[in-house]
C-alpha cells in the first residue's frame, strides 16, 4: 500500500507525560487519545498498546518510551509516555530531551513523591521549556482542603526547581474516569478534565521557535535495517532541515566522519519531502550498513560539527536530597556523561587548588571522554553513575 503524505497544516509540538510510577501517566496518555478520538482528532490507543514492550507488562511499569499522536483545534501533538520508574530514569532523560513541554502527572491522594521531584529536576536540567500539571485521581479525595494543600506543595516544589510554580496551570481530574467511561459523547463530565488539560497545554505551552535556519543536526536514537531499502536511523531533528537527496555526515562514537546521502524521510509512517527541526523522523541512508551507525552518533550538515573528546564543563553536582551522591569526588573520577542520546565514560580534571567536589557544588572542570562525540559550545549533558543522575552541565569551551 502506498504511504500517505504527512499533512503539515498545524504547528507541531512534542509533549510528554512525566511523574512518579503508578500516578497515572500511561492511563492519562490513553485517556487523551480516547477523548481526542471522540472529536475525530486522534486514533484511540488503549493502555496496553501504550505500555507495550514485553518486559513492561510483566512488571507493570513503563520502561521504554511510547509515541502517540493527536490533534487539538490549534495544534498537532507527538506525545511520548516517559518511564516513571527510578531504575529507568535513563530513558526518561532521552524522552525529556525531546519535549517542547511536559504534563506532570501527580496522584492527588499521594502528593509529590521522590520521582516527582527527580522528574521536575531533570526537566529543568534538559530545559523542558514549560510544564502543565494534571492532578490525577481526585475522585479518590473527599477533602477539598487536602487538595488545596497538595496543590500548594506542588507549586512550591516547581518554584524550587526553577519553574514558575505560581503560574503553572494545575488541572484536576481522573484519567481512569475518562478512560473507563462508556460514553461516546466528548462533552460528558468525565471527559471534562481531559479537555481542560488539553486547553491548558494549548494555551500555556508556547509554540517553540524551531531552529530551522541553523545547520541540520539529528541525534541518532535507533537504527533499523529495512529489507530491500537499506538502513534507517530515527531521532528528533534538533535543528535545521534535511531534504531527500541531501549529503550529510555521520559523526561521533569514534574519530572517523562518514559521508552519505539521505534517500528518504518519514514521520509517523508517512513520507516527507523534508524533515524539519522538532520532527521525530526516520531517515533512510544510502550505502550505509546497519553496523556502520549507532545510537549516540549524530547526522549533520557537512562541516557543521566535529567529534571531540576534551572540553571544559560548567557543572552542578546534585545534593544527596536531590538523588545525587552522598560523598565528594576527586580528580580522575570517571562517571558516565549522558550526551544527547547516549552515555560515554569520561575522566574529570579539577581546577588547580580544588581537591574535591562536594554534592551541591557548582564547579568548572575539564572532561576527557574515552571516545569522541559530536560536541559544540553550549551543549548540555547529564553526569550519571550507577544508573542515577549525579550532576548536570554545559560545555562553555572545547579543548580538543
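Each Cβ is built from the backbone N, Cα and C atoms, and glycine gets one as well.
Sequence annotations record features per position, and here Swiss-Prot assigns domain 'tr-type G' to 10-209.
Sequence annotations record features per position, and here Swiss-Prot assigns GTP binding site to 19-26, 81-85, 136-139. Under the three-state DSSP scheme, residue 25 (GTP binding site) falls in the helix class. Just so you know, the Cβ of residue 25 (GTP binding site) picks up 28 other Cβ atoms within 10 Å once every protein chain is counted.
The region 'G1' annotation in Swiss-Prot covers 19-26.
The Cβ of residue 26 (Mg(2+) binding site) has 28 other Cβ atoms within 10 Å, all protein chains considered. Among the features that Swiss-Prot reports, Mg(2+) binding site is placed at 26, with the record citing sequence analysis.
Swiss-Prot lists 60-64 with the feature region 'G2', giving similarity to another entry as the kind of evidence.
Per Swiss-Prot, the feature region 'G3' maps to 81-84.
With a cut-off of 8 Å between Cβ atoms, the residues of this chain six or more beyond the region 'G4' (136-139) that come close are 23-24, 27-28, 105-109, 147, 172-177. If you look up Swiss-Prot, you'll see 136-139 marked as region 'G4', on the strength of similarity to another entry.
Using a 10 Å Cβ-Cβ cutoff, residue 138 (GTP binding site) registers 19 neighbours. Under the DSSP three-state reduction, residue 19 (GTP binding site) is assigned to coil, being neither helix nor strand.
Around residue 22 (GTP binding site), a 10 Å sphere centred on its CB holds 17 further CB atoms from the protein chains shown. Summarised as a single figure, the pLDDT of the region 'G2' (60-64) averages 41. In the structure as shown, the Cβ atom of residue 19 (GTP binding site) sits within 10 Å of 26 other Cβ atoms.
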